[in-house]
Amino acid sequence: MGVLEHAGSVGLSLIVWVCGGGICALGSMCYAELGVTIPKSGGDYSYVTEIFGGLVGFLLLWSAVLIMYPTTLAVIALTFSNYVLQPVFQNCVPPYLAIRLLSTTCILFLTWVNCSSVRWATRIQDFFTVGKLLALVLIIIVGLVQICRGHYDALRPSQAFEFTRDPSVGQIALAFLQASFAFSGWNFLNYVTEEVVEPRKNLPRAIYISIPLVTLVYTMTNIAYFSSMTPEELLASNAVAVTFGEKLLGMFSWVMPISVALSTFGGINGYLFTSSRLCFSGAREGHLPYLLAMIHLKNCTPIPALLVCCTATIVILCIGETHNLINYVSFINFLSYGVTIAGLLYYRWKKPNILRPIKVSVLIPVSYLVFWAVLLGFSLYSEPVVCGMGIVIMLTGVPVYFVGVHWKNKPKFVYNIVECVTYVGQKLCFVVFPQEDLSEISPLTAPNKHKD
């Protein structure tokens, strides 16, 4: 919906979806090289820390913990609530308070599940992934049936490129940001590189299969929408899949909100599960309190990290609106991707003789960075407040880094406070440090051993 709103026409919105997948493919190939060259879990954060040093890595970590993960979780939770409540409030928009309360309840429940058992979390992920597949496959099949019946007026070239307003580069850039949010997650495999079997083979294989498949599914889903809904109807709908189901599925229209709710529920669970790995990587490097790398004594779940992510998400739920949140997190995401891929080129110059099992053509990162610079520049021009606020929040991490990480000889009372908070956190959450990794982290309570 956001892609169509900013693109201004059906044809251009479909082009944005296809090109968005192509850009993600370029980025993922660069990440494949980084993943096998710097074989650490943690994704962008680990690569940037290794290449540019502690400050830049910390800023990426800071923005991920405060913005990217919580905001993405907030958007998915709001989508979940909209689709659950829309059938109840058929003739009006669901109340603001009801949406927020249901979103908060969903976040709290899944946080509890992830804190209670890794097995429960993974089983929920497996089960609810079926909901996503069911929703998308059903939409595509119904849409193809409509097209075969001749219902594709909005897709005819004469109408597909009828613009509701004069197109501008800035608005097209924002359309790409909206699309990039849907594609977000293409770099998640790099967060668990250390656990991937034969990454030299399986990282590229995952890229070559997943990115084209996801691009095809998203594009076909939008074509299916346009086969039965006008652009005006699509933009006016608060839950597009629900409106689509009501028009075409008749008495089975209830399938759509349930399928999308299942999909988004699983998405929230997946992001909560992944966020704990980033916190662990940050604590391992000494950039976060090592309490966040601790796990429950019996359940082996990262309770402190999950609670931090849950709290940040609930705060953002209370202050943000879905459309702005997507622009907000997409801008920061793209900023992080660009810095990481620029690091790929810098690392080739800095360490030209290091073993690189995968080495992509230099044209791939250069092409990505050219697109990246144009996209971010025009997005900032079109939405200076939303995008600028993301940059400001990221930069607030600079004093935090120099005070909390770089400053090694802090007064003794600071370490006493940190030790006290850590002790209380351990007692409340019943967590301990993973024994096998104990030697890899320098406790914040030891000023002489603190890592930069």
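Glycine residues also receive a Cβ, built from the backbone N, Cα and C atoms like all the rest.
Feature annotation from TrEMBL assigns transmembrane segment to 12-32 (among others). Same-chain neighbours of the transmembrane segment (12-32): 3-4, 43, 160-161, 163, 167, 172, 175-176, 179-180, 182-183, 186-187, 190, 203-204, 207, 211-212, 214-215, 218-219, 222-223, 337, 340-341, 344, 358, 360, 364-365, 367-368, 371, counting only residues six or more beyond its ends whose CB sits under 8 Å from a CB of the stretch.
Sequence-distant neighbours of the transmembrane segment (52-77) (same chain, 6+ residues past either end, Cβ-Cβ under 8 Å): 44-46, 103-104, 106-107, 181, 184, 264, 267-268, 271-272, 274-275, 278-279, 282, 285, 287-288, 308-309, 312-313, 315-317, 320, 322, 325-326, 328-329, 332-333, 335-336, 339-340, 343, 346, 390, 393-398, 400-401, 405-406, 452. Marked as transmembrane segment by TrEMBL: 52-77 (among others).
The annotation transmembrane segment is assigned in TrEMBL to 97-121 (among others).
Feature annotation from TrEMBL assigns transmembrane segment to 133-152 (among others).
Within its own chain, the transmembrane segment (172-193) is flanked in space by residues 2-3, 5-7, 12-13, 16-17, 19-21, 23-24, 27-28, 31, 34-36, 39-44, 47, 72, 75, 199, 203, 206-207, 210-211, 214-215, 218, 274, 277-278, 326-327, 329-331, 333-334, 337, 374-379, 382-383, which lie at least six positions past its ends and keep a Cβ under 8 Å from the stretch. Taken from TrEMBL, the feature transmembrane segment covers 172-193 (among others).
Sequence annotations record features per position, and here TrEMBL assigns transmembrane segment to 205-228 (among others). Taking Cβ pairs closer than 8 Å, the transmembrane segment (205-228) reaches residues 3, 10, 13-14, 17-18, 20-22, 24-25, 28-29, 32, 136, 139-140, 142-144, 146-147, 151-152, 154-155, 182-183, 186, 189, 234, 240, 244, 247-248 in its own chain, all 6 or more past its ends.
Annotation comment: TrEMBL describes 248-274 (among others) as transmembrane segment. Within the same chain, residues 69, 72-73, 76-77, 79-80, 83-84, 86-87, 106-107, 110-111, 113-114, 121-122, 124-125, 127-132, 134-135, 138-139, 142, 146, 188, 191, 228, 239, 241-242, 306, 309-310 sit at least 6 positions outside the transmembrane segment (248-274) and bring their C-beta atoms closer than 8 Å to a C-beta of that stretch.
Taken from TrEMBL, the feature transmembrane segment covers 303-322 (among others). Counting residues 6+ beyond its ends, the transmembrane segment (303-322) has Cβ neighbours under 8 Å at 65-66, 69-71, 73-75, 77-79, 100, 103-104, 107-108, 111, 114-115, 272, 275-276, 279-280, 291-296, 328, 425, 429-431 in the same chain.
TrEMBL lists 328-348 (among others) with the feature transmembrane segment.
Residues or ranges marked as transmembrane segment by TrEMBL: 360-382 (among others). Within its own chain, the transmembrane segment (360-382) is flanked in space by residues 23, 26-27, 29-30, 32-33, 168-174, 176-177, 327, 331, 334-335, 337-338, 341-342, 344-345, 348, 388, which lie at least six positions past its ends and keep a Cβ under 8 Å from the stretch.
Here TrEMBL flags 388-407 (among others) as transmembrane segment.
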